[in-house]
Amino acid sequence: MASSTPSSSATSSNAGADPNTTNLRPTTYDTWCGVAHGCTRKLGLKICGFLQRTNSLEEKSRLVSAFKERQSSKNLLSCENSDRDARFRRTETDFSNLFARDLLPAKNGEEQTVQFLLEVVDILLNYVRKTFDRSTKVLDFHHPHQLLEGMEGFNLELSDHPESLEQILVDCRDTLKYGVRTGHPRFFNQLSTGLDIIGLAGEWLTSTANTNMFTYEIAPVFVLMEQITLKKMREIIGWSSKDGDGIFSPGGAISNMYSIMAARYKYFPEVKTKGMAAVPKLVLFTSEQSHYSIKKAGAALGFGTDNVILIKCNERGKIIPADFEAKILEAKQKGYVPFYVNATAGTTVYGAFDPIQEIADICEKYNLWLHVDAAWGGGLLMSRKHRHKLNGIERANSVTWNPHKMMGVLLQCSAILIKEKGILQGCNQMCAGYLFQPDKQYDVSYDTGDKAIQCGRHVDIFKFWLMWKAKGTVGFESQINKCLELAEYLYAKIKNREEFEMVFNGEPEHTNVCFWYIPQSLRGVPDSPQRREKLHKVAPKIKALMMESGTTMVGYQPQGDKANFFRMVISNPAATQSDIDFLIEEIERLGQDL
């Protein structure tokens, strides 16, 4: 059997070579390289792919070098259709005399369009490079009045007359300059962080397609991608692959609202036509540390926030099941009808996971709809090491899952998943005749728009689908495990240091690490209202200095009667242990004299 290792004498003799391998001489593949550049992009790429597949590793390297040299010498950014000689050549362009009206679809606007977009791409690539450069600031902070007054030619006011493309390019640069680099490895301020390059490419393509998700008619590929991805997510939860439903929504708050609407419609379908007057006095339940969107939905859907009953939590922020059952009985005694509970898998502040199994038992006992808000913690379902923290989620009637959080998908990307098929459609369908005709030439069950409370719906699926294709489930698992390891690293570094005090004892369940920084003036001081009052001011002062310096960002907040503390969250796969070390050192540097 011939060796798969390329022969060093292949250029002079083919003796002993694998008959299934074609080793082209450098002059031959260089010639074909030139042919590829003279063809249409599609055919040229096929020729290039063939040449790379059929050559040895050394010759592949030469081939790549030949392509680079050829493109560099011609200053080309891509191969295009030679029939029109439409190659993307970078040329010096005076944008000060060009306006939006000079771009496509204007007559003869193709060259100006190409040059303008190449400038925009250059701005974007420069921003991407700086985002991953740790010597670059996370933000260049300015107060609102400074930005409103104008910064070095950057004016937010709108004018009646068009401005030149040169000014538009300046505006593009400055918009990024004065924003926050949420993809920076040292940005820890929110649950949604990172800048995934595959996701970025997907978002660019999504904007270029500029379509709507309401019908298969105008978004055939995207609609199918959404259905396939939602099905996969339901399977990961543990539901049957044959049943179930779901839709992507503008965010976790809207996904949670969908769950309440679906539950209400399931138990009281007449509410759709007759309103709240046709149903009994309904109450719903959620933990006192759940996301505020549950109360907001209660207000928006006509229940009233007083009828969103808060369940007590233990010191780690988890629902106390006994209190949940007691509040159900109390509500029933008062003449209310309990119908829904929200359990949280990964609370916003503590990162706590409610005991879903015990809550599900109570829901079955009293016939309540169980929703799991896994907006923050849903990503852990991708991890074989950590998915046990969501045990029982397969018993839920609905689940919120935000890939734009722990999975690093670019904003926005949130899914509401329903165990029973047909409820979303029945709850929200209005049969708008101009969109949802039943006599179309294709299977209209793929027209998903009537399941949504929106009409127009942004394409959120493509970047997520593309990332999943690029990473695989194991890729998501790896980056999620890494983020949780970094949280464990931070906890281990600060738990026994006198400069820091943990908000609660024990290792974090999620990547949330909650702690106080204790300045020198408060170390060793016994707990008292005066000490808590002083401690309450520490985190805001450090955060203000942090933003002024622009070196890093981390959030803070109070919780119950606790003084302001830092809430560290990690969801950016670009972060490393050195970034955690930097954060600790920066907090100490900024807070040492407080």
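Just so you know, glycine gets a Cβ as well, placed from its N, Cα and C.
The 4-aminobutanoate binding site annotation in Swiss-Prot covers Gln190, Leu191, Ser192, Arg567. The number of other CB atoms found within 10 A of the CB of Arg567 (4-aminobutanoate binding site), across every protein chain shown, is 23.
According to Swiss-Prot, the compositional bias 'Low complexity' annotation covers 1-13.
The phosphoserine feature in Swiss-Prot is assigned to Ser78; the stated evidence is similarity to another entry.
Sequence-distant neighbours of Lys405 (N6-(pyridoxal phosphate)lysine) (same chain, 6+ residues apart, CB-CB distance under 8 A): Leu191, Ser192, Ala375, Trp376, Gly378, Gly379, Ser571. What Swiss-Prot records for Lys405 is N6-(pyridoxal phosphate)lysine.
The region 'Disordered' annotation in Swiss-Prot covers 1-23.
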**Complete:** Other C-beta atoms within 10 angstroms of the C-beta of Gln190 (4-aminobutanoate binding site) total 15
**DSSP three-state assignment (helix, strand or coil) for Arg567 (4-aminobutanoate binding site)** = strand
**Asked** In the same chain, outside Gln190, Leu191, Ser192, Arg567, whose C-beta lies within 8 angstroms of the Cβ mean position for the 4-aminobutanoate site?
**Response** Asn189, Thr193, Thr348, Lys405, Gly555, Val569, Ser571
